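Participant: Below are the structure tokens for one structure; questions will follow.
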Amino acid sequence: MTAVAIPAVRDYLTDLQGRIVAALEQAGGEAFRTDAWQRAEGGGGVSRLLEGGQLFERAGVLFSHVKGTRLPPSASAHRPELAGRGWEAMGVSMVLHPRNPYVPTTHMNVRMFVAAARPGHAESDVFWFGGGLDLTPYYPFEDDARHFHRACRDALDPHGADYYPRYKQWCDEYFFLKHRNETRGIGGIFFDDLNEPGFDASFALTCSVGDSFLPAYLPIVQARRDMPYGERERDFQAYRRGRYVEFNLVFDRGTLFGLQSGGRTESILLSMPPLAQWRYDWQPQAGTPEAALAEFLRPREWV
């Protein structure tokens with residue numbers, strides 16, 4: 001099953017990467033750089049990236065298809081019975097850091113993982129899908145949050161009415177900075193270990209998530225990209241970007257998997273913002289736009 005499925009998933013992912021990059025290039029009027037790479041242990045990928053743009057200060061839309069002979073600890077921690085198996089992982093992962101602080105940062109990822117059956121053992125290949133999309137505003141707007149969550153819900157509802165509430169809650173719980181007691185942003189959807197509906201249904205749901213990204217995010221970009229801002233807003237944006245760095249380096253399973261599996265460091269760390277800062281025990285003044293963000297950094301029902 002997986003031998004037939006892998007080319008279909010790969011074709012979808014490379015097409016998704018191309019569609020997203022084309023739309024972002026059209027929106028920003030600037031071309032993305034293409035960096036194809038190979039992994040000595042097996043596989044490779046194509047990184048599409050932009051740095052120093054007028055609309056996107058840093059943007060990465062990454063495709064990878066990598067292989068290995070032994071599952072790294074981050075992949076087998078929840079599935080100890082798979083320890084020691086060979087594996088393949090493929091996906092599209094992206095993070096966009098806009099220049100204008102009124103345009104939110106966003107992240108999207110869709111992926112498939114296959115743990116191969118060991119020769120001479122009475123077992124079969126095991127696959128699972130994962131992914132999601134989420135939004136991290138600095139100056140939040142309720143309309144944007146509701147639009148983003150509607151797009152997430154609309155992507156999942158055709159596959160079952162229970163998926164959006166479950167995957168929204170999973171996102172709220174996953175993108176949570178325990179040491180800060182706050183969510184990374186206003187959430188979205190997140191899922192992992194999806195294989196119970198079978199390959200075809202799991203793949204179809206994952207495609208719906210990937211396809212939902214552009215209609216979920218681009219209208220927000222168009223609504224906020226021309227809002228005027230100054231040094232104060234850029235300063236707060238850099239401060240809040242520090243939280244993004246903290247989550248990615250301490251909690252993010254994708255970052256940990258990439259580093260533990262000997263992944264390509266340049267690609268793994270492309271999710272980092274270009275500028276970030278930290279301050280000791282800083283709190284925004286009550287009643288300011290900066291203080292309003294705190295009300296958004298806790299789980300809420302948006303739709």
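Each Cβ is built from the backbone N, Cα and C atoms, and glycine gets one as well.
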Participant: Can you pick which of H97, H159 Swiss-Prot lists for the same divalent metal cation site as H107, H149, H179?
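Facilitator: Only hit among H97, H159 in Swiss-Prot's divalent metal cation site, alongside H107, H149, H179: H97.
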Participant: Could you look at S93, S124, S271 and say which one Swiss-Prot places alongside N109, V110, R111, G262, G263, R264 in the substrate site?
Facilitator: S93
Participant: Mind checking which residues reach the region 'Important for dimerization' (244-279)? Cβ under 8 Å, same chain, six or more beyond either end.
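Facilitator: Long-range Cβ neighbours of the region 'Important for dimerization' (244-279): 35, 37, 39, 41, 45, 47, 49, 51-52, 57-58, 60, 62, 64, 66, 68, 72-75, 89, 93, 95, 97, 105, 107, 109, 136, 175, 177-180, 184, 192, 235, 238.
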Participant: May I ask you to report the DSSP-based helix, strand or coil state of H149 (divalent metal cation binding site)?
Facilitator: helix
Participant: Here's one to test understanding: among the recorded positions H97, H107, H149, H179, whose C-alpha is closest in space to the C-alpha of G262 (substrate binding site)?
Facilitator: H107
Participant: If we count other C-beta atoms within 10 Å, could you say which of the binding-site residues G262, G263 has the fewest?
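Facilitator: Taking G262, G263 as the binding-site residues, the minimal 10 Å Cβ count falls on G262.
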Participant: Just to verify a number: CA distance, H97 (divalent metal cation binding site) to R111 (substrate binding site), in angstrom, no decimals.
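Facilitator: So the alpha carbons of H97 (divalent metal cation binding site) and R111 (substrate binding site) sit roughly 21 Å from each other.
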Participant: Write down the Cα-Cα distance for H149 (divalent metal cation binding site) and V110 (substrate binding site), rounded and given in Å.
Facilitator: 17
